[in-house]
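Pulled from TrEMBL:
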DOMAIN    A:21-197  domain 'Ribosomal RNA methyltransferase FtsJ'
BINDING   A:GLY53, A:TRP55, A:ASP73, A:ASP89, A:ASP114  S-adenosyl-L-methionine binding site
ACT_SITE  A:LYS154  active site, proton acceptor
REGION    A:219-258  region 'Disordered'
COMPBIAS  A:229-249  compositional bias 'Basic and acidic residues'
COMPBIAS  A:287-297  compositional bias 'Basic and acidic residues'
REGION    A:287-328  region 'Disordered'
COMPBIAS  A:317-328  compositional bias 'Gly residues'
Amino acid sequence: MGKSSKDKRDSYYRLAKEQGWRARSAFKLLQLNSQFNLFEDATRVVDLCAAPGSWSQVLSRTLPPTSTIVSLDLQPMTPLPGVTTLQADITHPSTLPLLLQHLGNKPADLVISDGAPDVTGMHDLDEYIQSQLLLAALNLATCVLKPGGGFVAKIFRGRDVAVVFAQLRCLFDRVTCAKPRSSRGSSIEAFVVCEGYSPPAGFKPSLETPLGLGMKFPESRKRASAGPDGKDKEEEHLVDGVREVKLEEPGGEEEDGQEAKYIASFIACGDLSDFDSDATYALPEVDEHGQKWKSKDPIQPPTAPPYKTALEMRRQLGGGSGGNMSTS
Amino acid sequence: MSSSPFLRHISNLSPVTALAFQTVQDIPDSVPELKLLVGEGPFIKILDIAAPESILLKRRVFSRERIHGITLSSSSRQQNVLFWGGRSVCITRATFLPREECVFEEIRVPDWIFYAMFIPSTSTTPVSDEEVVVITAHNVLLKYDSTSASWYELASGERCMLYSAHLLYLPADTLNSQDRILVAAGTVFGEILLWSVAIISSSSSSSSSIHGLKNPNTHYRLLGHEGSIFDVNISPKYYGDKCYLASCSDDRTIRIWDISQFDSSFPVSSDTEIKKTGFGHELAQGGKCISIGWGHGARIWGVQFLPVIKESLVELLSISEDLTSRFWTFHPGQKNTKNVELKNIATYQLHSGKHIWSYALDFERGLLATGGADGKIGLVHYRDDQESQEEVWGMDSILTQIGVFPDEPAEPNRKDKKTHDTFKEYAALDNDCFAATTTQGRVLTYTLSQKRWDLLGQWTGLKGWSILACWEDSGLIALGDHNGQIGVLDTVSKQAWWWQSMASENGKVAGVFLGRAVTGDEQKYYILTTVLSPTIFSLHSFKMDHSKSPSALIDRETLLLRSPVQAGEAKFLVTSLAINQKTNQLFLGSRAGGLGIYDLSSTIRPLWALSHTLVHPTDAVTAILLLESGILTTSRNGEYSYLSISLSPDICLTKTHASKPSLVIEGARQQDNLTLWGFRGKNFTIINQTSQHEVHSVECGGAHRAWTHRLNRYFVWTKAGKAHLARTYPHRKLLQSGLHGREIKSIASHGDLIATGAEDTLLRLSTLSPSSGQLCPGAVVGTHTTGIHALQFTPNGEYLFSAGGAGELFAWRVRSANEIVLEGTCEGWSDLRIEGFDVLPIEREGADVGSGVLLAIGYSDSTIRLYHFSPSTGTFRLEMKGTYSRIREQKTCCILHVKFLPNNCGILVAGTDGYLSIYPLSKTFSPVSLAHPLPLPPKSVEKRVHQSSIKALTVAACANGVFIYTGGDDCAFGITHIDTKNSVAESWIVPRAHASAVTAVLCVGVRVLTAGVDQKVKLWEVSEGEKGITVEMREQRESAVADISAAEVVGGGKVVIVGVGVDVWEASDGP
């Protein structure tokens, strides 16, 4: 399929190339920010699982030049102005002093993470691995966040998402599940936006004894005010002109009483007049310079897939195009 | 709430994620029976190996976790079974399994586990003689203490995130005084860690948590893989104390590591110092990769060593995302262990879609079972299959064997070439014998059981040109020569009868096609011969008189047939023949894909064809099979079709089913299952089309060669001047037929008939058994090129429409679950997707004109098109066209749902913007005689209900309009009442109705059912009161289906939920 076909089917892919973003995911952070004002008063921000660096790019372009931006990833990342890029494992104990050093030993205002594993197709495993990645990011975040700070991370809205919401709820004043319009509706991904970091008294974060592994999650203070079905009395994000139905006591069986669950309120962010990531659009006739529109090349080629050598082997053997080589 | 549930789970179809063979000996000294334990979602099933599709038992083991593994113990006292997956395990006695009263106690584990096994009990007061040890995703070894019902940590390896692990129990020996557990751990970053820990017997369970802990020894850190490690396996100790580790990865390789010296290796440094993590930063620490196996076309999910060394080879098995399971071998103990070849010796493909997730091996019987994402379970007799070797002959060795010695080459080159003999044609006589002709005019037979070639004779007329065919199992072959002679040869008595195929025709016999008719004890043999420029064919018939010895050929007759083509048409080159003796019909298939039918009882001479129909445009009809009703034809264009034949008033062929598996079809057999054979790439391949799996595949070089084939026995072919024979015994079968191999995206139903469309691009029909609630698979069609996202039946069930990616929309005529034919293709746009459309039948009094189906289609670029489909012509005509946009903003979105409202009052449209809109259709809208399509009328209703995508929608008529129930990506359940007369809409929302997107909404009796990606199924009671709408959740249940995409009420009271698999629920009206 031609390049411009992808431009038609994915407006954010096209826009990312035209606006110089390393990946279309930049728009997800921009839309999250327009909803939650994440960058307001944020001067020290940490970007975890940052490569190829589109979220760091957003930080670099949006935050004032005096800000401290530190980006971490396992993979090397092309440098960005105003951003300190570190190659490090977020779960490793040595990463914390390294990170704090680059933050000038001051707590961070905001920690963000767009990390996700390569999905296998085994849904429960993929959700589990993603939740572990999120918890690892959270664990590092708790070590560097100032009280009242924010945490934004990618989440898979699958079977056990309510357990993850409940865990986050223990440490933050407000947990919202947000889906930017630039994130495909057909994708299981969304973002948790955690505002107002407020760990309970006596909570000592550490990378040695991570949350959920070495350390149990603290008891949520919010649970008392939560409704019988695990919801709290938060305001719902309803569209204009619809009425909320107040549920009576829900029936049905409570199947797994051991694990706390919480359904975070949902918000679709980004303006409805923004592009729809699921829709197909006609391509513009002229570009921003008034020239005839042409499909642009991506800013950064995608990182080499782990099966690159396998592809080369197959090519040498004269096999077909390797139709099965796709990962998802 | 104590009342009985409204929803009763009755069946499911899920990816098969765990398999284990179990040998059961109910009665002492009886022959042990082999059972297969199957993990599908949270359920286990027991299957009988001897009887496919027979489920001996099905039970739920876990409340919601998926079973990822089944481990059987080898304890002498009693056999225990361990089910494990996610964060749960369950231990039970094997003998309890089949009992109804067997209770499965789910034991929760603190973390996700990647492997679980039994070890001999270390407790002094054992509850059982075995205990359970698991390894978690964070490289922690846990042991379950059944007395305190808790887990305690045996040891913790280097902290990292794993994708796979394997455990091996090492009993104490002369070198090590303590029992140990050897751990192989594969990390997400491509490392493999091999570590071990000693197990200290605990005096009591209370203190065990302290005394059981011991520092683990890390023996090796194995680096080299370029992606996450998806499986690791430690081999048993082979000859010479050799021990290996096998690993497989995201990088599509299998790697073999020599770990024989792990016990004497220096411990690997711990990870306290700062190191860079990720791929390929460090050198491997100990252990070396001795071999790399390439071959899988996608990610490899599993690898396992086989316990015995076969012919001094180490053998292993792998399973992959690429749908194949492969056997590999390598030579151990080579001196140069740097470049050991890991050879792929056998490949099996029994699954479709994507992923083999699970397997089980029975080494005693040489059996492999594989389980796929498609819900299929394949069974391979791998040992038998790999034992049958190919046989190859050069002509010289055959001639030597039959006692013909080539003349001494007096003059080399020219003369040599003339007398040199080569293989010409083959014909499979029976299970044990095939015939061959040679360019020197020899006719040979080969007897498989005796491995012997025989010469039947040599005829000058067959020199340089011969056509060979045979009547299977008759011992008779038919020959055509270059002088226009045809011969019948009795391979037993070696008698031959020759005659001129056609008077005044001395040219080559171009084709010989055989038929047979049985009347009482008598067989009548038919030979149709053609010449090179055929306008007339000759049909010879004869009988064999077996009362004489030797038998005699009697009653020979010849009938002339006129070619079915009319003047000016292309030639009718016969490629296949069938004779129906009941109806006296002769069928001829042609190279151009035509089918001619003759009435043999007619007295007209030469005989005229009753009809000539193009059944397979573009390529040859390769086989014609007579069936109970009608015929089956196959074609080299890859298609096969079922045709019904009606005789009066005129002969009429109706295609009732057609499909195009990716195969150049050369032949078929229809019994309970449809088996097809032909060529695919360089292979001769036999497929079971009914159960959609490969029966056999032989690499022969491709289609352009002489060959013959006897189903389930052998395949013979010429390659590079030599004759080859491969056995094709049925060593592969399906124990369970499954459904789609990728996510199901759409479902439609009519009565008990279900159509499903999936990301595997297949459209499948099935029926829901009213008794068992099981899905019984029917026809499969693969016409779509991308995922199928929407399906609709017409109300009478005659037509089915399917749509999806690449703007494809097809019309199908459906007669039963096994009969589906493509009737029309709508114009499409490759950039666009269709997520939603609806159908409305249009009845016109009297003539066919105007009758048909009106379709309203929504596209991903916001266009809405109305087409009129005419069943008589199979054409779509555009009637109306417009672009969806919100009234004030003029903004568009991707359309997800289009519905005709009851009473023809308009079209309801919903999309990714969360709005419901209605476009009124005027009562006089008449989809005929329009030169240009009408524009879409202005909206009468626009109402925003959800924040973003409306993922699911259902419409229910009510007194003054409609209720529209919606499921949103925003986790909400919406209820909208629309007064269609006054165009007034009112909406209510249940926020956080699900923890994630609500992707299915259905009216079930008086209630509304919702289901979502959170795998919850909820039943709501919606009532209209004075204060407006009240909603009550009446029930919520867990579904085993991940990524739920749709639901449908089937056959009255059953709810079928689809996604990654299928869930069937029975809905009662309840109290």
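The first residue you see is number 1, and the count goes up from there.
Note: Cβ is positioned from N, Cα and C throughout, glycine not excepted.
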Protein Cβ atoms within 10 Å of A:ASP114 (S-adenosyl-L-methionine binding site), excluding its own: 23
Among A:GLY53, A:ASP73, A:LYS154, which are recorded positions, the residue with the most C-beta atoms within 10 angstroms of its C-beta: A:GLY53
Residues in the compositional bias 'Basic and acidic residues' (A:287-297) grouped by DSSP into helix, strand and remaining coil: 0 helix, 1 strand, 10 coil
Whole-number Å value of the largest CA-CA distance among A:GLY53, A:TRP55, A:ASP73, A:ASP89, A:ASP114, listed as S-adenosyl-L-methionine-binding: 18
Lowest local Cβ density (other Cβ within 10 Å) among binding-site residues: A:TRP55, A:ASP89: A:ASP89
Filtered recorded positions - A:GLY53, A:TRP55, A:ASP89, A:ASP114, A:LYS154 - keeping only those with Cβ under 8 Å from chain B: A:ASP89
For A:ASP73 (S-adenosyl-L-methionine binding site), the three-state class that DSSP assigns: strand
Pairwise Cα distance for A:GLY53 (S-adenosyl-L-methionine binding site)/A:LYS154 (active site, proton acceptor) [Å, integer]: 15
Structural state of A:LYS154 (active site, proton acceptor), classified by DSSP into three states: strand
Reduced DSSP assignment, A:TRP55 (S-adenosyl-L-methionine binding site): helix
Mean of pLDDT values spanning the domain 'Ribosomal RNA methyltransferase FtsJ' (A:21-197): 93
Euclidean distance between Cα atoms of A:ASP89 (S-adenosyl-L-methionine binding site) and the residue listed as 'active site, proton acceptor', Å: 18
